[in-house]
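*Asks:* Let me give you the structure first, and then I'll get to my questions.
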Amino acid sequence: MPNPSSTSSPYPLPEEIRNLLADVETFVADILKGENLSKKAKEKRESLIKKIKDVKSIYLQEFQDKGDAEDGEEYDDPFAGPPDTISLASERYDKDDEAPSDGAQFPPIAAQDLPFVLKAGYLEKRRKDHSFLGFEWQKRWCALSKTVFYYYGSDKDKQQKGEFAIDGYSVRMNNTLRKDGKKDCCFEISAPDKRIYQFTAASPKDAEEWVQQLKFVLQDMESDIIPEDYDERGELYDDVDHPLPISNPLTSSQPIDDEIYEELPEEEEDSAPVKVEEQRKMSQDSVHHTSGDKSTDYANFYQGLWDCTGAFSDELSFKRGDVIYILSKEYNRYGWWVGEMKGAIGLVPKAYIMEMYDI
């Protein structure tokens with residue numbers, strides 16, 4: 001056992017040991033830092049931190065170029081192995097998670113004030129570490145607001161730690177980022193000549209949901225299909241160049257609405273309210289044929305404003321923030337639309353939902 005008082009390493013520190021110390025210090029110094037620990041656990045944490053510092057003092061030669069773990073200065077690891085995909089990509093990581101975003105492109109905004117949040121939750125974000133670890137994973141509250149990805153220390157933060165516009169990026173699952181039990185929970189957002197952002201979700205399912213939501217927005221941004229124009233109330237404007245595929249009545253007291261319905265193919269539109277149940281079934285049978293363009297039908301995605309429990313079997317029940325895809329607005333005059341959520345189709349009160357995207 002080397003003498004702790006020595007100022008240089010008696011022999012090179014094996015890479016496996018350095019990697020182990022990296023994991024231990026990340027867990028003890030960072031992950032446990034914000035946890036509510038018992039007195040005994042806090043004492044043990046401080047003891048482990050001290051032991052790690054002792055090891056660094058013993059192997060001073062190997063760590064002298066890495067600087068103090070708390071000074072925030074960057075370094076290059078002279079003992080790093082041959083470059084691989086991950087190490088090369090790391091040069092494009094967010095080098096300082098606490099620094100302002102690139103070019104101060106977006107103004108500071110509190111996490112609770114973000115508009116049109118499509119997906120939010122806690123993730124572990126990979127970044128360049130400032131100690132001898134090389135890399136670290138830090139817990140961040142992340143949110144996709146419209147087409148901008150924000151990350152915060154917590155969902156109560158008044159200002160983001162960073163953000164980036166996802167335009168031009170691609171997203172994919174990546175199980176090579178970790179070797180522990182969370183390897184199947186990882187995904188990355190990347191683009192040529194831009195920083196790579198890599199995250200770990202709480203579960204593989206959560207990671208897949210992040211990937212699918214990001215892909216949906218990215219595909220919509222790249223699509224040449226222009227969604228139908230809606231006013232602020234979510235009602236459809238008349239298109240003078242093309243006939244409407246289904247009946248979408250305007251909320252208006254003008255009697256000309258009935259004439260519009262009669263000109264459309266669906267004759268059932270003018271049926272009396274007593275036949276609504278039959279129309280509902282026909283509508284729900286037909287909407288399956290119109291949902292194929294869902295990935296690009298940006299304007300028909302809504303989210304719940306309040307919790308709503310359906311009174312009948314043909315009505316959807318949903319919570320505040322739930323994503324609902326609107327399949328039909330043919331019952332607009334009654335205040336109901338036909339929507340789909342998690343594979344279930346039913347009637348949705350339009351007063352209980354709002355547009356997900358600001359078009």
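Just so you know, glycine gets a Cβ as well, placed from its N, Cα and C.
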*Asks:* To which of the residue ranges 66-88, 158-180 does Swiss-Prot assign the term region 'Disordered'?
*Replies:* 66-88
*Asks:* Where does Swiss-Prot put phosphoserine, among S6, S295?
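*Replies:* Out of S6, S295, Swiss-Prot attaches the phosphoserine annotation to S6.
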*Asks:* Tell me which residue from Y59, Y197, Y334 Swiss-Prot records as phosphotyrosine.
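*Replies:* The candidate carrying the phosphotyrosine note in Swiss-Prot is Y197.
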*Asks:* For the domain 'PH' (116-219), how many residues does DSSP put in helix, in strand and in coil?
*Replies:* 19 helix, 45 strand, 40 coil
